[in-house]
Amino acid sequence: MGIQLAAPLRAAVNALVVAVNRLDKSFSPSDTVTKLRAHKFTLKDSIYILHILSALFWLTLMQVPPFPYKLAIPILYAIALLIPFTSQFFVPATPVFSWVLMFYSNQFLPADNRPAVHVVLLPTLESVLYGANISDILTHFTHPILDIIAWLPYGVIHYTFPLVLAGLLWLFRPPTLRVFAQAFGYQNCIGVFAQIVLPCAAPWYEIIYGLTPAAYGTPGSAGGLGRIDDLFGGDGYKRTFASSPLVFGAFPSLHAAWATLEALFITALWPQYAKWAWAYAAVLYWSTMYLSHHYLIDVVGGACLATACFYFFVPEELRNGSVSATGDKYERYDLESRRGGVGAEEFASDWTVSDEEETPIAYRSPNPGMGRGRGHRHTASIASLIRADERAGEEGWSPITGVGFVFPPESRR
């Protein structure tokens, strides 16, 4: 047993040593300026202009923190870009930071200039496409054990899995981390943009308010996660979702998108763990609906978004193991770390109710035949509506030290 535990620990330590040695440890801004002068700019670098314009727009709208305190955000980011040690992380993570800024600042868009919130659209499409409101059906029977099973992937693992996967990529598949950052960041940017231009109410809104028109300023709801707060005697999820910057962001489901993208990367890089990654994704798909946060169509939309971003940003030889014309996948992606790191094979082998009006949203009736209050009046309403009518340089990630940050990624054929 001791030998079995020592092997993966030794592999992780060796990978960490190699990864640390691979970092650019310079803190001199002059090194960055020198590399910037030597960098040959191409049309593909114009993506940074889009990021700058987007940041200016959202920073202008941002009201908290107010001016001039919010100027600290671009100042600190510029400093991070000037220092070589930090720029190798911050440059490839630019799409991720763009998503975070967009997600947070969209709440300051004037309500008069925002599209109307769609309340009926998603449940109607769900009934048309799938023959029933699947997400509503899944909320009829609740149990503390099911609550825990749904909470772990949706409310815990969801937020830590990208960090864990990024750490594994940094240790064992360093060049692919840049690709993951691109796909993950732009996927979220596209998802939040779609949620802003096509705002849709989640199932919890339908349960609480029925199909009445929604207005901006309506507080968000933790839905089924409220039962977790009650179970542990807290109110963290209730407070967090009540102050969400994007209350009407049901479609597409970024929870589903994250899980799908993570499963796709694990399948491509560590296929022996693919079944576990997809099992996690499947449970999360269910939990989004069981907790009344998404409709099935939201889950499908998020999975499709993640798949599209994966196949757009990730080169073909990394997706399916084919050999490129200029070199094999091992040379390009360091999949076996030919410079002395931990290889793919070593890593693989070592990791050996009563009235609905009186029942809160968190506690749905365990009997589908009971509790038909206003939370279920949508069934007849929807039915009537239907009837009526993608290798970085050895110095790290910085685009001025190697091949560069490329958007869209060049063809690897």
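Sequential numbering from 1, following the chain as shown.
The backbone N, Cα and C atoms fix where each Cβ goes, glycine too.
Annotation source TrEMBL lists domain 'Phosphatidic acid phosphatase type 2/haloperoxidase' at 177-314.
The transmembrane segment annotation in TrEMBL covers 47-65 (among others).
For 71-104 (among others), the entry in TrEMBL reads transmembrane segment.
Under the heading transmembrane segment, TrEMBL lists 116-132 (among others).
Taken from TrEMBL, the feature transmembrane segment applies to 152-172 (among others). For the transmembrane segment (152-172), the residues of the chain that approach it from at least six positions outside its boundaries are 12, 15-16, 19, 180-181, 184, 225, 228, 237, 255, 258-259, 262, 265-266, 269, 280, 283-284, 287-288, 291, 293, 337, 341-342, 344, 347, judged by C-beta separation under 8 angstroms.
As annotated by TrEMBL, transmembrane segment applies to 246-273 (among others).
Residues or ranges marked as transmembrane segment in TrEMBL: 293-314 (among others).
For the transmembrane segment (71-104), same-chain residues at least 6 beyond its ends with a Cβ under 8 Å from one of its own Cβ atoms are 23-29, 31-33, 35, 48, 51, 54-55, 58-59, 62, 65, 177-178, 181-182, 184-186, 188-189, 192-193, 245-246, 392, 395-399, 401, 405. Counting residue by residue with DSSP, the domain 'Phosphatidic acid phosphatase type 2/haloperoxidase' (177-314) contains 97 helix, 2 strand, 39 coil. Through the fold, the transmembrane segment (47-65) approaches residues 72-74, 94-95, 98, 101-102, 104-106, 108-109, 405, 407 of its own chain, all at least 6 residues removed from its boundaries and within a Cβ separation under 8 Å. Within the model, the domain 'Phosphatidic acid phosphatase type 2/haloperoxidase' (177-314) shows a mean pLDDT value of 95, rounded to a whole number. Long-range contacts of the transmembrane segment (246-273) within its own chain (CB-CB distance under 8 A, at least 6 residues past either end) are made by residues 103, 106-107, 117, 122, 153-154, 158, 161-162, 165, 169, 173, 176, 180, 183-184, 187-188, 191-192, 194-196, 198-203, 205, 214, 216, 218-220, 280-281, 284-285, 288, 293-295, 297-307, 309-310, 314, 318-320, 335, 344, 347-348, 351.
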